[in-house]
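The active site, proton acceptor annotation in TrEMBL covers Asp326. Per TrEMBL, the feature 3-phosphoshikimate binding site maps to Lys25, Ser26, Arg30, Ser175, Ser176, Gln177, Ser205, Asp326, Lys353. Residues or ranges marked as phosphoenolpyruvate binding site in TrEMBL: Lys25, Gly96, Arg128, Gln177, Arg357, Arg399, Lys431. Residues or ranges marked as ATP binding site by TrEMBL: Gly458, Pro459, Thr460, Ala461, Ser462, Gly463, Lys464, Gly465, Thr466.
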Amino acid sequence: MYATEFLDLPPLRAAAGTVRLPGSKSISNRVLLLAALSDGATLIHDLLDSDDTRVMITALKQLGCAVEPQGEALRVTGLGGRLAVREAQLFLGNAGTAMRPLAASLALLAGLHGGRFELGGVPRMHERPIGDLVDALRQIGCQIDYLGNEGYPPLRLAGGQPRVGAPIRVRGDVSSQFLTALLLALPLLSHQGELVIEVEGELISKPYVEITLNLLRRFGVEVARDGWSRFTIPAHSRYRSPGDIHVEGDASSASYFIALGALAADAAAPLRIEGVGADSIQGDIRFVEAAEAMGAQVRQGPNWLEVWRGAWPLKALDLDCNHIPDAAMTLAVMALYASGPTRLRNIASWRVKETDRITAMATELRKLGAGVSEGPDFIEVTPPAAWQPAAIRTYDDHRIAMCFSLAAFNGLAGARPPVPVRILDPKCVAKTFPDYFETLFGVVTTDPADIPVITIDGPTASGKGTLASGVAQKLGYHLLDSGALYRATALAAQRAGIPADDEARLAALAAALPLHFDEQGVWLDGENVTDALRREEVGALASQISAHPAVRCALTGLQLAFRRLPGLVADGRDMGTVIFPDAPLKVFLTASAATRAERRHKQLISKGFSANIDDLLQDLEARDARDRSRSTAPLKPAEDAMSLDNSALSIEASVQQVLDWWQQRRPF
Ligand SMILES: Nc1ncnc2c1ncn2[C@@H]1O[C@H](COP(=O)(O)OP(=O)(O)OP(=O)(O)O)[C@@H](O)[C@H]1O
Ligand SMILES: Nc1ccn([C@H]2C[C@H](O)[C@@H](COP(=O)(O)O)O2)c(=O)n1
């Protein structure tokens, strides 16, 4: 996950490959609750692992429910409609799919068995209405108090005497989650008799209610439905675990990749999406129809889709989006690529989601140059006449972050030059799709020249690696420690007994190095050599063998391959002069020889190597002289490099200086 302040997406061009979707959030949280309320244990497969499911799991554990991993699945041992814990304070983040159903279920259980529960979340959760659900629960005798503002969480559920009686009325035109919460909770009261729910107003987001009914059936409760206005829960309904249950991929998350296929995949190599398809029980699967109406070509199987570009530009749309409220946000960004204005109607529910999504989408689309008009329940988007680079605010709303990533394809819509897009607070995608951006980068391509590189060159022990790693971490970029490649070649040569002057054998060795990098360090032929590479004699030998042009040539391709989305920070001696001469920011890092010897001394001692500071100073000066004087790719600043002497600068200040230079070069 990108836990950076922002993530810059360079202009993107094409998409191909296969995406495996994470589990559906709506199904995951419903299944977790149903499993917890059931008799027996349920083994849940393919559950979504995200912020919203984590708050649900934590709450269920607090309530005394056993939730344990079993292999790749999660085993939930149900409480059988009883209370194992009678008092708890539950923090439910910003998860509406946890807050509403838990509020309803615990209000009933607190009344039936005696209990006291407080439910709250993040500040935005306390701005999301819940009054209609509370009113419905009060009709049957639940005792619910508002602990903050009337009509909003946090809530206290304590006491009361729930009784089956007249039909329970609930509004259906603000959020379908109120009805879903009642449908999930009321079977707990059905030992008293049949329960009827009557929906007031036109029910919105019906497909989500269909998911609820479908899952109730899987857990043994058959609800009778009369149109969309009357629902009957039979007397003596009882939740029974189905044993095993599989969560299908998230159809709302599929929308970004369906759109991606429509924008940037070719018929010869469509984008394949696995986890949802024609058999999906999720309403957002109908996003496929909307995408097709805009020109996407789609082929589908029971649980997969293949998508590629049909019409171009996309066809403008005028659509009632009540049936796909979440996925419709993706249409608003696809509209940037359409032949005219696209109007999305009947989306009033956007205003009470993670943020006021109509206002947020309008504000951010305008930043890119689009013309946008909005009303209480619609948005109309006219494609930009001139695209502008934009830093997209995401309002702690995962869907805004994900759908705006599609704006990075503006080059395909004729933006000249194509503009980069900055996504602020990218980690908000953790709500439903923690590795969304990694997944995106796995299936998109761009011109390597568009992938930004920051180079940091300089003499040994100047702090290049430390600085490069700090900058890469802040930007979410990949890291290339090119010295490690030369050091690994030196170590391998030492072990193979290849003399330092045998250029041909050294080059052959470098060309076939079984080298691998991961979070644990550098691996040579399956052995972690991270510490071995830091030995001084290995560095000195690396300096000698790196003077051979054939060795440098053998390692060039490997270094270039590090230039991957979303960007790269590369440190070494010739990063800015030879390997990445087009890098938009080049830094030449120096520090006095005495300072560097002192740092290296400390570094080696801390790793358990013995070292003498005077010897280190001598070696380091000899190494600098050799690296500077060699004929091929000598150590020297690129003509356009920024000089940084960090002798008296802390690591943090050095990182900040480079980030400041980087920001000055960015168009945001
Ligand atoms: N600004 C700084 N202030 C103090 N210590 C620093 C600073 N920058 C780096 N160091 C320390 O100096 C030591 C050497 O840093 P680092 O390994 O990053 O240098 P390098 O230039 O990459 O070395 P080499 O070229 O040998 O790979 C490390 O222990 C690091 O923590
Ligand atoms: N781009 C590079 C990186 C490194 N080298 C050589 C010269 C160095 O003395 C040696 C070890 O590098 P270090 O890990 O100390 O950065 O490798 C090079 O020639 N070009």
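Along the chain as shown, residues are numbered 1 onward.
Cβ from N, Cα, C; glycine included.
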Cα-proximity to Lys431 (phosphoenolpyruvate binding site), 10 Å cut-off, over recorded positions Lys25, Arg30, Asp326, Lys353, Ser462, Lys464: Lys25
Spatially closest candidate among Arg30, Asp326, Lys464, the listed recorded positions, to Arg128 (phosphoenolpyruvate binding site) (Cα to Cα): Asp326
Cβ packing number for Gly96 (phosphoenolpyruvate binding site), 10 Å threshold: 25
Contacting binding-site residues for ligand 1, chosen from Gly96, Ser176, Gln177, Ser205, Thr460 when the Cβ sits under 6 angstroms of any of its atoms: Thr460
Of the recorded positions listed as Gly96, Asp326, Arg399, Thr460, the one whose CA lies nearest the CA of Arg30 (3-phosphoshikimate binding site): Gly96
Annotated binding-site residues Ser205, Lys353, Arg399, Ser462, filtered by Cβ under 6 Å to ligand 2: none
Longest CA-CA distance among Lys25, Ser26, Arg30, Ser175, Ser176, Gln177, Ser205, Asp326, Lys353, per record bound to 3-phosphoshikimate, angstrom: 18
Cβ-based isolation winner (fewest other Cβ atoms within 10 Å) among the binding-site residues Ser176, Ser205, Thr460, Thr466: Thr466
Cα distance (Å, whole number) from Lys353 (3-phosphoshikimate binding site) to Gly96 (phosphoenolpyruvate binding site): 9
